[in-house]
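Peer 1: First the structure, then my questions, so here it is.
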Amino acid sequence: MSRSKPTKRTLDIPSRSPSPPTVRPSISGSKSHAAEPDVEGGVEYWRSVAATVDGVLGGYGKGTLPRVDALGSRLFLLGVLPRLDKVKSSKEQLNGAPETSLSRSARTERRTRGLDTGAGVGRVSRDVLSRLLQHVDLVEPAENQHKLREEARFAPDTVSGSSKAQKGGDNDEQVLYDVVWAQWMLQHLSDEDLIKFLQAAKKSLIRPDLTNGAVAKESSKGAILDGSGCIFVKENVCQEKESGEENVWFDEEDKSITRSRKAFERVFESAGLEIIKTEVQLGLPAELFAVRMWALR
């Protein structure tokens, strides 16, 4: 239920979705500071949406938005986890790209793995995660949106889709991820459910690599250099209230809420997460909410 859905702002609202300036509810959205998202209503809404990139992007799928969004996501992800730039992605595996001595020496036996939550038709998995990771698991509760495995070209066994989180092996051991990606889907979760989701996501991350005397370290630019995984959140963001307090916008169409930056970051703190890096996605249509990216762990 987390399809990439940019949302239009109404004229009386300041900013757009991802950045903290304004809430970009859909045209039919209504303001409500006490509103709670309706998860089942959200799933039903997405079951009624065309399972195409244009459908899940609210009519913005045929312009520049998909390319701008995907490029911004890849650059942000690589800035936080630069080690993934050395990994042979599923796209390269499929196309038979030759390995370099650098890529061979840099890669470990363990395959890098990502989890695309609320994956929708698989746009983010196709255009972002599969380009940087060797395996991607997709979770999507709206069955009609399960299109990627049938229609997109991926190397065999690099992408798996499900309506539930994946478990590994016959002994049901937990699968650990280098990347847990949540985009345009957290608006369907209440604060309580979002905290639970984030805490579960944190437990599913790859742990730091402290072998050979390595120590946990980070660069001044917010890069994670200790081999551990990271949660990435990319969501619409509305403006704070005029008083400076956090704000929330309820969307009557898909029964979701758009949070302000302060509202998101309060929830992140409550979930016990540290913000490694945050940026606003640039280059999106001006009538949309701002979109903000966070790297968390």
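Any Cβ shown, glycine's included, is placed from N, Cα and C.
Keep in mind that this is a model prediction, so the values were computed, not measured.
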Peer 1: Check TrEMBL: it lists Gly118, Arg123 as binding S-adenosyl-L-methionine. Then name which of Gln174, Gln183, Gln199 it lists for that same site.
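Peer 2: Site partner of Gly118, Arg123 for S-adenosyl-L-methionine, according to TrEMBL: Gln183.
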Peer 1: Can you identify, from 131-150, 151-170, the stretch that TrEMBL calls region 'Disordered'?
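Peer 2: Among 131-150, 151-170, the range TrEMBL annotates as region 'Disordered' is 151-170.
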